[in-house]
Amino acid sequence: AAAILLRETGPGWLFSPVPSRKAAVMLCSLLTSLFLLHCLAGPCSSSSPSPVGASSSSSTFSTSGRGSVRTKRLVNGWSAAGAGAGASRTSPVLPPPDLVSSRKVSPRFAGKLSPLGEGSKKLPQALIIGVKKGGTRALLEFLRVHPDIRAVGAEPHFFDRNYENGLEWYRELMPKTLEGQITMEKTPSYFVTREAPARISAMSRDTKLIVVVRDPVTRAISDYTQTLSKKPDIPSFESLTFKNRTTGLIDTSWSAIQIGIYAKHLDNWLQYFPMDQILFVSGERLISDPAGELGRVQDFLGLKRIITDKHFYFNQTKGFPCLKKAEGSSKPHCLGKTKGRTHPNIDPEVVQRLRDFYRPFNLKFYQMTGRFFGWDD
């Protein structure tokens, strides 16, 4: 800059009593350049505050040599200046990664702030696999209150009826979930489908399985009641129960009877899944103590116990608990009119024959699960 100044004005300008305007401009330019070079060589003032974030970023960049330190100061200074200048025009700042990872801010909440916060469809990590008329619909509706559970409402029947459609077809049926949320579905017929354990294991060996079980005699009568509501002309419960009523031989080919042989079906599942990946929920306790059973389920799924007593009230008309507030609603919610039907009167002798039939299977089931359900009291 000095050489250019001398070339343009000549050496005499320094001794001129009134320097030309052009010379004065070039002198200012020279002084400004010298000042900038001084700042790059070190701090302009020892009393000036450090740029925002300079100390925290020193561990991220290389610290070999004074040049890298100067670079860090300049980069941090520009970042801080840019943030201050555009603060009023930019979108809300997301929580820093270390804040999210420490769980001071829920990952679910942080995800909602992201442009990608709508989530994605995933294969289910947990399944309610049975049993029919055990209380699976009630359990699913109760679980959907939990903010970290997203579940399909309808029964997909993928692992028993639609398996040929493939896993991508199945995935598309799932709701979108955010990081940390669990995808679930329920299809009660899986528990009695012989191919289901192998198919689910092929999808993921880590899948958690939930089975809602109920007194097999009561369950069979409830099953029959549901069929009767759709087909009023079917034979009586008593005639369907026996192959030969005179001999008292139970017809185990009738699905209403066959489903209740829980030990037999469980043995098939244990060929593919360890017992600690299967949770058995008592259908009776789901009615008498819904919060207690839901606590066990939340623990099993590795979730915080959010669903508690405060979520339920007992409906005397229906005879089972209802939600004070359903998912996405501020109104109380009970299961539909198809739940809680009045059972027909069944011959007590037939009921006793069924209890005698199920007793050894129940005892075996208690041994396998390590839980006494009290169906033989």
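Keep in mind that glycine also has a Cβ here, set from the backbone N, Cα and C atoms.
Those TrEMBL annotations? Automatic predictions, nothing curated.
Owing to the predicted nature of the structure, the values given are computational and were not obtained by experimental measurement.
Feature annotations, reproduced from TrEMBL:
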- 47-68: region 'Disordered' (REGION)
- K133, G134, G135, T136, R137, R214, S222, K339, G340, R341, T342, H343: 3'-phosphoadenylyl sulfate binding site (BINDING)
- K133: active site, for sulfotransferase activity (ACT_SITE)
- C322-C334: disulfide bond (DISULFID)
Original post:
Roughly how many Å separate the Cα of C334 (disulfide bond) from that of R137 (3'-phosphoadenylyl sulfate binding site), to the nearest whole number?
Top reply: 11
Subject >> Euclidean distance between Cα atoms of K133 (3'-phosphoadenylyl sulfate binding site) and C322 (disulfide bond), Å >> reply: 17
Subject >> Other C-beta atoms that fall within 10 angstroms of the C-beta of T342 (3'-phosphoadenylyl sulfate binding site) >> reply: 7
Original post:
With every protein chain in view, how many other Cβ atoms are within 10 Å of the Cβ of G135 (3'-phosphoadenylyl sulfate binding site)?
Top reply: 28
